[in-house]
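Report on the following structure.
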């Protein structure tokens with residue numbers, strides 16, 4: 001049993017969890033800065049949100065194993081191969097996690113007015129939906145053209161808004177803008193992943209944007225995400241009159257490095273380079289917010 005728990009935790013993929021944690025935190029930090037409100041159940045809310053996003057990575061490992069996309073001898077994704085996990089174990093985790101999520105929801109948002117509680121409920125259901133169907137047949141967004149990117153928009157694209165709203169109970173369009181640099185860079189990691197996984201995805205019956213656009217156009221798209229992220233970051237710093245928000249600009253040489261690797265089709269370890277770049281960007285963004 002303990003070995004299986006280890007396997008589930010291994011499937012969380014810390015590098016991916018950092019992105020969702022920091023993206024959500026952007027909204028929380030801005031909401032506290034602008035409203036002075038700190039939800040007393042904020043820790044539980046973090047647990048709830050992070051649990052939802054573990055569904056996506058755990059199911060990704062499970063579905064790629066079940067569909068034969070991952071090969072035991074070559075894959076670095078060891079969750080389903082080294083810990084004795086079975087289908088029933090994954091289902092138990094998803095069902096148990098979902099029950100825990102809604103228990104936290106009932107407690108953490110009990111002080112919200114009815115309409116705000118309903119909005120939170122809808123958002124939670126949407127996040128769970130996209131975390132699950134991103135991998136699960138028959139929809140399996142990750143195997144459909146631009147499906148991965150669409151799933152990112154409706155999941156990671158909401159995270160800064162969720163952080164702002166879940167903490168303060170205040171709905172503002174600005175909270176979407178604050179998260180643009182973060183979720184655009186998550187899309188960058190998707191582009192890098194899809195380029196790296198073209199052969200594996202083809203074996204699993206996927207038709208991704210990287211297959212459709214080809215490596216050259218995909219590399220231009222990769223650069224476009226970087227441009228949008230840094231441009232939007234600069235505009236946010238101007239609106240907030242806080243130049244410290246531009247701290248992630250010190251990472252431009254590193255982003256140039258990974259961009260050149262993509263352009264040269266040198267995709268070995270590109271996933272790790274991407275995750276590191278996005279995580280450092282988000283952390284510096286959070287530091288800048290708090291330097292106001």
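Note: Cβ is positioned from N, Cα and C throughout, glycine not excepted.
Automatic prediction, not curation, is the source of TrEMBL annotations.
Residues or ranges marked as transmembrane segment in TrEMBL: 44-69 (among others).
Under the heading transmembrane segment, TrEMBL lists 90-108 (among others).
TrEMBL lists 114-134 (among others) with the feature transmembrane segment.
Long-range Cβ contacts of the transmembrane segment (146-166) within its own chain (Cβ-Cβ under 8 Å, at least 6 residues beyond either end) map to 19-20, 23-31, 39, 45, 49, 53, 56, 108-109, 116, 119-120, 123, 126-127, 130-131, 133-134, 140, 172, 175-176, 178-179, 182-183, 186-187, 190, 194, 208-209. According to TrEMBL, the feature transmembrane segment maps to 146-166 (among others).
Among residues of the same chain six or more beyond the transmembrane segment (178-195), those with a C-beta under 8 A of the stretch's C-beta atoms are 19, 22-23, 26-27, 30, 148-149, 152-153, 156-157, 159-161, 163-164, 201, 208-211, 215, 218-219, 221-222, 225-226, 228-230, 232-233, 236, 248, 258, 262, 267, 270-271, 273-275, 277-278, 281-282, 285. The transmembrane segment feature in TrEMBL is assigned to 178-195 (among others).
What TrEMBL lists as transmembrane segment is 216-237 (among others). For the transmembrane segment (216-237), same-chain residues at least 6 beyond its ends with a Cβ under 8 Å from one of its own Cβ atoms are 177-178, 180-181, 184-185, 187-188, 191-192, 194-195, 209-210, 243-246, 248-249, 252, 255, 259, 262-263, 281, 285, 288.
Look at TrEMBL and you will find 243-260 (among others) tagged as transmembrane segment.
Packing against the transmembrane segment (272-289) from elsewhere in the chain are residues 15-16, 18-19, 22-23, 25-26, 29-30, 33, 181-182, 185-186, 188-189, 192-193, 229, 233, 237, 242, 244-248, 250-251, 254-255, 257-258, 261: each is 6 or more residues past its ends and has a CB under 8 Å from a CB in it. According to TrEMBL, the transmembrane segment annotation covers 272-289 (among others).
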